[in-house]
Each structure stands twice: as C-alpha cells, then as structure tokens.
Amino acid sequence: MPSMITNAFLFILVFIGASLYGPIKRSGIFRGITKINVEGSKTIPLVQCEDLHVHNGLVYTACQHSDRAQDRTKWFPPMGIFDVIDFHTHGIGLYPDAENLFIFAVNHLPNPDHIKDPQSPAARSQIEIFKVSLPVDGSLPTTATHVKSVLHPAIRTPNDILPTGPSSFYVTNDHFYRDGFMRVLEDVSGPNYGRWSDSVHVDASGTKTVAHQVVSGLHNNNGIMRGMDNEVIIMSAAGGTMYRLKDDPVSKNLTLIKDVPLDSSTY
Ligand SMILES: *[C@@H]1O[C@H](CO)[C@@H](O)[C@H](O)[C@H]1NC(C)=O
C-alpha cells in the first residue's frame, strides 16, 4: 500500500514543518534589525545588558563588567552554559520608598555542592538586595549598599524580579529543566506545551526566608512586571506569549487572566 505510506510520510513532514514554524519565526532568524527613534541619541558601550528600569529619570541596568574577560559565553546558567564560573547578573527590579531605592538583582552563583556531587545542579542562584540612599538635595545617587542575599530552594532558575516591598518580591523561574535535551524540548514546545515553569513569591523580611509558588503551568516564565490596571505581566520568552495575571494582595498568588500570543520571542 504505497499510497498510504506516502500519505503517512507526508503527514509526518507537514506535522514537523508546522511544529517548527512557530519556534523558527519567534527566534527572529529571518527578521532584520531596524533602528527606531534613535535620532540624536548617544551610544553608551555596555556589555550584555539583560534588564533596565527607570527611576526619577535615571536608568538602572544589569550588565556584565566590560573589563571581565569571562562573559556569558563561558558561564550563564540561564542559557545552559556552565564552562567557567563567574559572577553574572540577570533580571533586576526596583522598589522605591520615601528615602531609598531598593535594587533586587538575580545573581547566578555556582553551587558549592556541585564540586562534591556532580549530579547536583551546577548553579545555585540567589537574589541580592541593594539599597540606594536617594540624596535629599536631588543630586545623583552614586552608591548602592548590599543589604542581603536571599537563598531559597523555591528560587531555582531565577530570571526576573518584581518587588512587592523592601525585602519581598516575585521571581520567575524560567525553566523546569536546567540543561540537556529536555531543556531544549521545553524551549521549542511552547507556548502550548512545555508549560512546566513556575513563579514564586519570596518574603525575606524575617530571620527565615519564606517562599511559595504563586503560579505554575506557564511556559518559560521570563520577564515579570506590572501592566495596565495593576495586572502582573509575565513573558514566555521562547513561546512568544504575554501572560496577563491578577495578584491576590494578601496571599500573593497569581491567577492567569489571558495568554496574549506575540510573533517574536519576548523577554
Ligand atoms: C496560594 O497558593 C498556594 C499554592 O502555592 C496554596 O496552597 C494556597 O492555598 C493559595 N492561597 C490562596 C488564598 O488562594
């Protein structure tokens, strides 16, 4: 029955083609780079910047140090790269109160247990909280003081932070799988499948850090921010989807309102 075999073969080809179309389009391989609204602006050389936020007309951004020889091509757990160990920032979040600006930064540190036990994860990422005292005379702040490092098993593969207070925050875990084939499958199977990652809320105000999962069943939780009507927005990076969520102010749990599909990867 050759025709049935041909049909089955064609069906498989179409299925593979259809499955790859979304990931390839979202990857942007065939999209050109266009400059938008940059007339009269100045270029500042920065290295591998992940995130930026604006407060009082100042841009706070998380970049790699330009003097460092080791960049993301050697150590960057969020991309499954574990060759050389180094300090690496990722998403940041800002929380202003009357006198201070708190900066929350993901820090992808190596896992000390990994040296003894190669089966344990290579990275043990944590969140750093810094405090910037805003000068009363309105002059530019120049230093940030480290307040604390926040470590919790629920903070697994942190990507971005949305602060909810001077020592509490939402953090997205961008992957369920840290590396290997399943991680690739997790990336390309979105946005409809591979909805395996979660986001957590962390309260580090007390002596013991408390964290709980606030939403699961989303794909590749990446950037997190406030949206219109005080909604919480989470982006599925590889899935090209914007999730609109509602937060419960008491429990901090997030409820999904809507998936908004986009045609490019979104951070
Ligand atoms: C919030 O979510 C947690 C699961 O992470 C659940 O145990 C808890 O009951 C939820 N709280 C509310 C008020 O919905």
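Cβ coordinates are placed from backbone N, Cα and C, and glycine is handled just like the others.
Binding of Ca(2+) is attributed by TrEMBL to Asn159, Asp160, Asn222, and the same site annotation extends, among Ile92, Ile103, Ile115, to Ile92. The Cβ neighbour count for Asn159 (Ca(2+) binding site), using a 10 Å radius over every protein chain in view, is 27. Looking only at the recorded positions His90, Ile92, Asp160, Asn222, the densest Cβ neighbourhood within 10 Å occurs at Asp160. Within 8 Å of the centroid of the Cβ atoms of Ile92, Asn159, Asp160, Asn222, where the record puts Ca(2+), the same chain has further Cβ atoms from Glu50, Asp51, His90, Gly91, Val106, Pro158, Ile161, Thr172, Asp174, Gly223, Ile224, Tyr267.
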